[in-house]
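Novice: So TrEMBL lists these for the protein:
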DOMAIN    101-177  domain 'PA'
SIGNAL    1-35  signal peptide
TRANSMEM  201-220  transmembrane segment
TRANSMEM  261-279  transmembrane segment
TRANSMEM  285-308  transmembrane segment
TRANSMEM  329-347  transmembrane segment
TRANSMEM  353-373  transmembrane segment
TRANSMEM  380-398  transmembrane segment
TRANSMEM  435-459  transmembrane segment
TRANSMEM  471-493  transmembrane segment
TRANSMEM  499-518  transmembrane segment
């Protein structure tokens, strides 16, 4: 058993290292719960005289009659309205304009086809007029970067007579079409703009995953039969306090302080700016590697803890390994499985089913992090969550005033990342959205409120509170309601990024403070675990 204890302590040390490595990344991505991963147009020019709404467009393509992957685009503020159903659309051959900028009459025949032109050199309305004069059935503008831009009207184009649909696609989409047409393949396009559902059912599953992760992490000591992490919160004699301190040292629990909370947010802001200015594919790959390491450690810790509850004798079988020393066979077998799982996910991370592996690794990692990092009282929780609250709002809503772009959303979107996506989030594919994509929630939106909910559970247990008279149930409900407010705001803002902690912090920390004030326990919650000689258990029936 001593060998098993040594191995367990060694594994805990490595997990602690991973927590420090991933901590900054987790805070950076705290607003992803309210980010929409479907590409949207960004403002480009004012549209006087233009009356069309900017809408997302699906560009279906066929090469020699074989259907290819659809492309995403956005419609212009002028031109004809696209149909909302696939059956109402019409297929037309695609033809590149000559010259490619589409600013002058094309030498290539555009009649009865969808003209493809490159953005630049003249206004969007000029390109549309030239294409329409050439007999084109539609116009597709290829952007000069990976995003989409709103196609408005020039200031002198207040009265337009453009009757063809005008759509913009990304630079990557244009390159895909060019590759097919360069081989002499006949490419056909169909443009339509379906209505997006108000609510996608996958949000329910994502909500359940987020709330379930917080609840599981809080109750993990019950699931695994481990009581050590709660002993130090009981009313202890000096002797028992020393024992608890020794247990803490063995488990290497991270006790968050007010100073570390402030430093953490400042450091995270610095790192966020580095990501914003120097984002690249190798940087995202570094995050992917860190995510895999943390996911392996989290998954390993969760599986071993659950296995030892069912088979305590498994910890007695050990083996000596180079560099690692004596470890349990169970731990080694589980580690090999977790490594294989993470490697498989990394290799297939762009597959349609990869979200399952990403969610499993992420949930296991967050459960482990919430076992290692703990809040001692409401004072520290207030500092940490209020700092994160301001951090989230500033980098989502106020940063455009300085950087002309929402820094948080730009990093979450993965601009200049070479097509790689940041993995520190849970995601579920949209079931009813014609554009597909994923609903997402960042790890920070689970971890920060989760720290407070976990503290509430330990407080209730130490003070022998019943469910209704405690704090855990009400903070869990508050967290769930806060998530609902987040998704409501996302819907009302038409999918534009929202700082999720704007809604989660008041619904969790606010609930705790209000309940504590009403019950006369706010002072105890505020200084809990800092003055053990003055702390006494509160009877379960006291309100």
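A Cβ is built for glycine as well, from the same backbone N, Cα and C atoms used for every other residue.
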Novice: Take every residue in the domain 'PA' (101-177), average their pLDDT values, and give the whole-number result.
Specialist: 83
Novice: Okay, the transmembrane segment (201-220) and the transmembrane segment (353-373): do they have at least three CB pairs under 8 Å, pairs separated by 6 or more?
Specialist: yes
Novice: Which range out of 201-220, 285-308, 329-347, 435-459, 471-493 gives the transmembrane segment (380-398) the most CB pairs under 8 Å?
Specialist: 435-459
Novice: How many helix, strand and coil residues does the domain 'PA' (101-177) contain under DSSP?
Specialist: 17 helix, 16 strand, 44 coil
Novice: Verify whether three or more Cβ pairs under 8 angstroms connect the transmembrane segment (471-493) with the transmembrane segment (201-220), leaving out any pair fewer than 6 apart in sequence.
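Specialist: Between the transmembrane segment (201-220) and the transmembrane segment (471-493), contact is present.
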Novice: What residues in the same chain, six or more past the boundaries of the transmembrane segment (499-518), come closer than 8 Å to it by Cβ-Cβ distance?
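Specialist: Answer is 30-34, 378, 381-382, 385-386, 388-389, 391-393, 395-397, 408, 441-442, 444-445, 448-449, 452-453, 456, 471, 474-475, 477-479, 481-483, 485-486, 489, 524-526, 543.
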